[in-house]
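In TrEMBL this protein carries:
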{"type": "REGION", "residues": "1-32", "note": "region 'Disordered'"}
{"type": "TRANSMEM", "residues": "127-148", "note": "transmembrane segment"}
{"type": "TRANSMEM", "residues": "187-211", "note": "transmembrane segment"}
{"type": "DOMAIN", "residues": "188-405", "note": "domain 'ABC transmembrane type-1'"}
{"type": "TRANSMEM", "residues": "223-245", "note": "transmembrane segment"}
{"type": "TRANSMEM", "residues": "271-292", "note": "transmembrane segment"}
{"type": "TRANSMEM", "residues": "325-342", "note": "transmembrane segment"}
{"type": "TRANSMEM", "residues": "384-406", "note": "transmembrane segment"}
Amino acid sequence: MSEKDLEQFNADVQENEAATAAPVDNASPEAIGEAIKEINGEADASAAPEKADDELQVGVIKPIATGKPESKRALKKAEKKKAKELKNIYHVSNWQIIKNYRNYNQQERKHYKYIFRRRITEKVWPVFRFLILFGLGFVILYPMLYMLSTAIRPQTEMSDPSVMWIPKEVIFSNFVDVWVAMNFPKVLLQTILVNVVCSMIQVVTCGVTGYGFARFKFKGKGLMFGIVILQIIVPVQVILIPLYMQFRFFDVFGLIKLFTGSAVNLVSTPMALYLQAFFCNGIRAGVFILLFRQFFRGLPKDLEDAAYLDGCGPFMTFIRVMVPNAKTSFLTVFIFSIVWYWNDSYVTGMFFTDPYTIAMEIDRLGTTMVLYFTGERNGMASDYLVWIEAGCLMSLMPILIMYIFLQKQFVEGIERSGLAN
């Protein structure tokens with residue numbers, strides 16, 4: 001090979017090396033990195049997470065990247081459009097839902113079924129609720145309406161089949177006859193005296209007892225509270241005869257008999273009822289103790305701790321701190337006690353031989369009216385039904401008037417005293 005040929009060969013080799021090196025020099029760093037990953041087998045591993053991310057976002061509508069952020073106006077417009085679509089869905093009539101039910105897909109059927117049921121419930125429930133309340137109101141008011149209708153009619157219309165609710169002749173002389181026959185002012189005064197005094201004594205003693213069970217720990221507390229619960233469970237008829245004998249021959253550990261020579265007879269005197277209320281053995285006293293106990297347990301102990309720090313003892317804490325916070329409970333118990341004493345004729349009748357309260361007088365009103373009109377005790381009480389109904393209506397009026405004036409406090413007392421729970 002001549003020198004000229006050798007120079008030509010070297011020039012060709014240099015040109016080939018320059019041609020192969022030029023793409024590498026012009027390649028970007030990203031292209032070089034991808035080439036290295038392809039060589040090492042890492043390209044598939046890096047592409048897999050991107051694919052997984054795409055799979056997780058299936059069903060998500062992504063806005064088209066326009067290079068400009070969405071304006072607030074566009075967002076509000078989209079929200080209004082969505083709200084309008086929902087409004088159109090809810091404005092579909094029930095007949096259209098029934099008619100096109102087969103054409104809906106599963107999601108639409110579920111949605112329209114919920115709307116249909118909700119509309120039916122909203123229309124049917126008020127009617128059903130009105131019928132229930134109307135029926136309950138009629139059952140409660142029926143005795144009052146019948147009592148009023150009977151009390152203002154003559155006795156001759158009781159046998160007239162054409163008179164049902166509205167009498168042909170309205171008279172008020174029945175109330176005058178009952179007023180005179182019952183000696184209503186005297187009986188009313190005696191009833192108020194017994195009821196108010198017994199209720200006030202019972203409220204105080206049951207309140208103190210309930211506070212003791214709620215806040216203090218002492219031996220025999222569980223046993224004594226069990227006796228209170230037993231007082232609620234055991235009917236008064238079981239212990240009424242021992243109570244009568246105790247007050248018929250009343251004595252305090254034999255001291256009265258020691259000094260006077262005989263026991264004291266408290267039967268036919270209000271003192272028999274006053275003493276029972278004082279020793280928490282009055283009518284429904286166990287219920288009142290339980291009511292006070294539950295209320296005082298619900299009050300925070302921080303009130304008592306603050307009173308103790310101020311130098312108050314247990315009694316002054318009860319008077320100055322607990323009683324003002326329990327006004328509604330005391331009022332509720334007082335109203336309940338008044339009503340139960342007012343309507344009681346069984347316990348009161350065991351300690352009084354003559355009609356002493358309105359409830360006792362109402363029990364014997366038929367005989368009283370026979371004696372008032374004929375002067376004899378023999379007669380049919382059913383012949384004097386209009387006067388009996390008039391007397392019952394007169395006996396209810398004081399309680400109704402009291403409830404009308406104390407209705408708000410009574411409802412608040414029930415809500416705050418724990419009775420509603």
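Numbers run from 1 along the shown chain.
Placed from the backbone N, Cα and C atoms, the Cβ positions cover glycine too.
TrEMBL: automatically predicted annotations, no manual curation.
Taking pairs at least six residues apart, the transmembrane segment (325-342) and the transmembrane segment (223-245) share fewer than three Cβ pairs below 8 Å and do not count as touching. Among the stretches 127-148, 223-245, 271-292, 384-406, the one making the largest number of Cβ pairs under 8 Å with the transmembrane segment (187-211) is 271-292. Residues 209, 213, 267, 276, 281, 283, 285-287, 289-290, 293, 346-347, 350-351 of the same chain lie 6+ residues outside the transmembrane segment (223-245) yet bring a C-beta within less than 8 angstroms of a C-beta in it.
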